[in-house]
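See structure below.
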Amino acid sequence: MLKQAVEHRGGFSFENCQRNASLEHVLPGLRVPLARKTGTTIAGLVFRDGVILGADTRATNDSVVADKSCEKIHFIAPKIYCCGAGVAADTEMTTRMAASKMELHALSTGREPRVATVTRILRQTLFRYQGHVGASLIVGGVDLNGPQLYSVHPHGSYSRLPFTALGSGQDAAVALLEDRFQPNMTLEAAQELLVEAITAGILGDLGSGGSVDACVITAGGAKLQRALSSPIEPVQRAGQYRFAPGTTPVQTQEVRALTLELLEETVQAMEVE
């Protein structure tokens, strides 16, 4: 029986870490799965006529870039969109579920869906799974109450803010938004600020990259813009790396004959009734 050597006095508790290490030592073949870093930079802000959302386009698998043109701005309703950070499959399926529910809600009520309704569906779903669904979401849209922007976290908590950013590159993006955001900004100023915020997240985080996608939502509808800006240009090769045959000398060469064994093969006809 393991006993606690030091009395716990508050603060961080590492009892589970000690338990996992003991189980790995006692049980052969048991390995506790490691947590993987999910890299993304998403942001959004409210301007004078609506809401603008932005995201990078890099999808990673641990230290490998899995997709250079990943769509992280998801459709919910004609005037409501959602940015997703975290596990790509979780964000995709969670937003699809919300979009289908809002379509059924609009058909049954005969009214346009509200941003607060989408946020409630998302946070209740995420709270039900207690954080095991890795989806950090930014919901933005325009309804009868005007432009609204919400951030929803994986455990179900949410906030309504004039601007926000989530993901592994959120520190650089939030720093730029806090410094330059102003109420009642024009569309041009808001779009420029959003692109610079996502670019700051891309340049300051290895998990973020690719180009900048944006979605402008107003009372007249939404406009999704792919590859609005590409902060990182591909590096051009300095020269031609084509070598003529025989450039690399052959030190030794050996030819071995393969021993083949001939097997007898028979084919039997299948009985057909």
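Cβ coordinates come from backbone N, Cα and C, glycine included.
On a predicted model such as this, the values are computed, not experimentally measured, just so you know.
The N-acetylmethionine annotation in Swiss-Prot covers MET1, and the record cites similarity to another entry as its basis.
Taken from Swiss-Prot, the feature active site, nucleophile covers THR40. Long-range Cβ contacts of THR40 (active site, nucleophile) within its own chain (separation 6+, distance under 8 Å): ALA55, ASP56, ARG58, LYS72, GLY84, ALA85, GLY86, LEU166, GLY167, SER168, GLY169, GLY207, SER208.
The phosphoserine feature in Swiss-Prot is assigned to SER230. Secondary structure at SER230 (phosphoserine), as computed by DSSP, is coil. Other C-beta atoms found within 10 angstroms of the C-beta of SER230 (phosphoserine) number 13, with every protein chain shown included.
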Looking only at DSSP and grouping its letters into three states, which state does THR40 (active site, nucleophile) belong to? coil
